[in-house]
Amino acid sequence: MASTRRPVGARTLLACASLLAAMGLGVPESAEPVGTHARPQPPGAELPAPPANSPPEPTIAHAHSVDPRDAWMLFVKQSDKGINSKRRSKARRLKLGLPGPPGPPGPQGPPGPFIPSEVLLKEFQLLLKGAVRQRESHLEHCTRDLTTPASGSPSRVPAAQELDSQDPGALLALLAATLAQGPRAPRVEAAFHCRLRRDVQVDRRALHELGIYYLPEVEGAFHRGPGLNLTSGQYTAPVAGFYALAATLHVALTEQPRKGPTRPRDRLRLLICIQSLCQHNASLETVMGLENSSELFTISVNGVLYLQAGHYTSVFLDNASGSSLTVRSGSHFSAILLGL
């Protein structure tokens, strides 16, 4: 019968198994090594006996046991050869080709609990009430300093309290109106509008700083933030930023114009200056000639200045004419913080 051929890996495993079996079975001392059985010697072939005083011949030491660690290291070294080698495994993986298509989806889970539409509507109403309350609190904070006592606007019931008596259609309408408003404009932190309390006399060839203002209690007037000194007429910037400033003066001539042509240098200058230094700092200025002016006229100036925190601005009137002037009460001065 033809002998079967074992692969190299099988022979390696058999050798390691033999070594492991030898670990538990020690070779007895009386046993002779394999292949050392005495064979019959032919006549005359006996070796001569050694002399009596000669040293004894060295004997071959017999192995009584196998070290387990050496056997395991041999097994590990031999396990990477043959069919278990890394190169052969890598070549086998490359021959597998592309993976197949994904399998079918698993079974669908059980359906969740049934929630009635009434419960969903109540939860939606609660969410809508919370959103409306949050919006009202923000609007109240934004408009707390905007209204004046003279506005006399009647108090209304908050919309969040009105939701309790509204039907679902009204709730949806309120939600749509809230979303249609879009993003709100940023809050203005500093602004004012004041008027001159009484008439102010300005002598000829004089530069006069206006003061003695008051806050009008009319619809549309506003005052928000600190910094306005009504007595001195100076507005101190609470924070550094860009400020839009405006001033409008109603001016009356107190003296009758002299006979003859008016001199070209008879003019008025209206200025808004920083720290009362109109020549050194940036300022807003308007120049008006008096050649064709009437006895009562209006002069205005407006623009944007950057103010540092703690710096003040005020209104100046430069009367570069040959007659005195009167700034009428009701002339106004205003400012608003545009941004930082």
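Cβ atoms here come from the backbone N, Cα and C positions, even for glycine.
The annotation compositional bias 'Pro residues' is assigned in Swiss-Prot to 40-58, 99-112. As annotated by Swiss-Prot, compositional bias 'Basic residues' applies to 84-95. Annotated compositional bias 'Polar residues' per Swiss-Prot: 145-154, in sequence order. According to Swiss-Prot, the domain 'C1q' annotation covers 185-340, on the basis of sequence analysis. The N-linked glycosylation site annotation in Swiss-Prot covers Asn229, Asn281, Asn292, Asn319. According to Swiss-Prot, the feature hydroxyproline maps to Pro99, Pro101, Pro102, Pro104, Pro105, Pro107. If you look up Swiss-Prot, you'll see 30-63, 79-112, 141-161 marked as region 'Disordered'. The annotation signal peptide is assigned in Swiss-Prot to 1-24 on the grounds of sequence analysis. According to Swiss-Prot, the feature site 'Required for correct protein folding in the endoplasmic reticulum' maps to Asn319.
Shown here: features listed in Swiss-Prot, placed on the structure.
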| residue | record | contacts (Cβ under 8 Å, 6+ apart) |
| --- | --- | --- |
| Pro99 | hydroxyproline | none |
| Pro101 | hydroxyproline | none |
| Pro102 | hydroxyproline | none |
| Pro104 | hydroxyproline | none |
| Pro105 | hydroxyproline | none |
| Pro107 | hydroxyproline | none |
| Asn229 | N-linked glycosylation site | Tyr235, Thr236, Tyr312 |
| Asn281 | N-linked glycosylation site | Cys273, Ile274, Gln275 |
| Asn292 | N-linked glycosylation site | none |
| Asn319 | N-linked glycosylation site | Val202, Asp203, Arg204, Arg205, Ala206, Leu207, His208, Leu268, Leu325 |
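Residues of the same chain that lie 6+ residues outside the compositional bias 'Pro residues' (99-112) never bring a C-beta to less than 8 angstroms of a C-beta in it. Residue counts for the compositional bias 'Pro residues' (99-112) under DSSP, split into helix (H, G, I), strand (E, B) and coil, are 0 helix, 0 strand, 14 coil. Look at Asn229 (N-linked glycosylation site): DSSP puts it in a strand.
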